[in-house]
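**Q** From TrEMBL, here are the annotated features:
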ACT_SITE  Lys13  active site
ACT_SITE  Asp140  active site
BINDING   Pro98, Val99, Ala100, Gly101, Gly102, Met103, Ala104, Gly105, Gly106, Ser107, Ala108  ATP binding site
DOMAIN    70-147  domain 'GHMP kinase N-terminal'
DOMAIN    207-278  domain 'GHMP kinase C-terminal'
Amino acid sequence: MVPTPLTVRAPAKVNLHLGVGDVRPDGFHELVTVFQALSLHDDVTLVPSDALSLHVTGEGARDVPTDPTNLAARAVVALAERYGRDPNMRIDIAKGIPVAGGMAGGSADAAAALLGAATLWGLEIGRDELDEVAATLGSDVPFSLHGHTALGTGRGERLIPALARGEFHWTLALAREGLSTPAVYRELDRLREAGDPPRAGSPDALLAAVASGDPHRLAPLLANDLQAAALSLQPGLRRTLRAGMEAGALAGIVSGSGPTCAFLCASADDAVDVGTELAGAGVCRTVRVASGPVPGATVVP
Ligand code: C5P
């Protein structure tokens, strides 16, 4: 019998608030962050095979490793080792999330692969156990499993769901070159040694704004401590942020460690208009519109 492939869809994220604390003894930074999952996604298709192999298509596919270091492959291997299963399968990743863009594309693939393998193998494990494996793969992987809007603490892996009313509309400006997350954190450490860049503070007001569903209230509260570091490494992003504001966005922010810039807009129509202007201004490689929150990794029926 030919095995039936299983597809799992997993969302991109934007950090509405990203407060970075000091570096911990394990090298990670203590975070207080508010994630929102967006309607930009990767699809990961798994089918049992006689070897573990990876095939990547779509947005930025050329820059995704297809060797065992790929996070989706590591996810399948980690789950197989823990539950005594055969990790051999073909993994097809259709990328919609920018690679090295600060939108948790690799984490989405890992979350999708975890859920997909657990489903294929019929593992009767709870969300907590899946979260545990997810956290060993990367700080953002648990959020990619859960989706919606959530407060993240620790490395970002400890999650509390947050209330969000309605739908928020975003325009995303994808950059020509990616940024390495560790390099951006290192740059922030360097900036903090040299001076005292402002810190994001408490996310309480932002959480209330998300719960109100009012993008005008949310816009001035978006905050990202990694933005200064991303701008320091890619100064051209200042122009991108300015162009989005001039195009009518309510607010613009670097997404996570960047370099994708995320613009909060007043409506879906406004998001399309901002995208059109940004595309014409030549300040980014390409644009996408998206809305959030959306669910985390989900098996595609
Ligand atoms: O957990 P993840 O593999 O996504 O982290 C990638 C890198 O980002 C880490 O190796 C670390 O350099 C940095 N990081 C950090 N503090 C966090 C999350 C990530 O310093 N809370």
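Quick reminder: no glycine exception, Cβ is built from N, Cα and C everywhere.
Predicted automatically and left uncurated, TrEMBL annotations should be read as such.
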**Q** Which three-state DSSP class does Lys13 (active site) fall into?
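**A** Lys13 (active site) sits in a strand per DSSP.
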**Q** For the recorded ATP site, whose residues are Pro98, Val99, Ala100, Gly101, Gly102, Met103, Ala104, Gly105, Gly106, Ser107, Ala108, find every other residue on that chain with a C-beta no more than 8 angstroms from the centre of their C-beta atoms, and list them by sequence position.
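**A** Near the ATP site, beyond Pro98, Val99, Ala100, Gly101, Gly102, Met103, Ala104, Gly105, Gly106, Ser107, Ala108, sit Ala12, Ile97.
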**Q** Summarise the model's confidence over the domain 'GHMP kinase C-terminal' (207-278) as a mean pLDDT value.
**A** 98
**Q** Can you break down the domain 'GHMP kinase C-terminal' (207-278) into helix, strand and coil residue counts using DSSP?
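**A** In the domain 'GHMP kinase C-terminal' (207-278), the DSSP-based counts are 41 helix, 11 strand, 20 coil.
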**Q** May I have the DSSP-based helix, strand and coil counts for the residues of the domain 'GHMP kinase N-terminal' (70-147)?
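**A** The breakdown for the domain 'GHMP kinase N-terminal' (70-147) reads 46 helix, 8 strand, 24 coil.
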**Q** For the binding-site residues Ala100, Ala104, Ala108, which one has the sparsest Cβ surroundings, going by other Cβ atoms within 10 Å?
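**A** With the binding-site residues Ala100, Ala104, Ala108, fewest surrounding Cβ atoms within 10 Å: Ala100.
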**Q** Among the binding-site residues listed here (Ala100, Gly102, Ala104, Gly106, Ala108), which has the Cα closest to the Cα of Lys13 (active site)?
**A** Ala104
**Q** About how far apart, in whole Å, are the alpha carbons (Cα) of Asp140 (active site) and Ala104 (ATP binding site)?
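**A** Taking the Cα atoms only, Asp140 (active site) lies 7 Å from Ala104 (ATP binding site).
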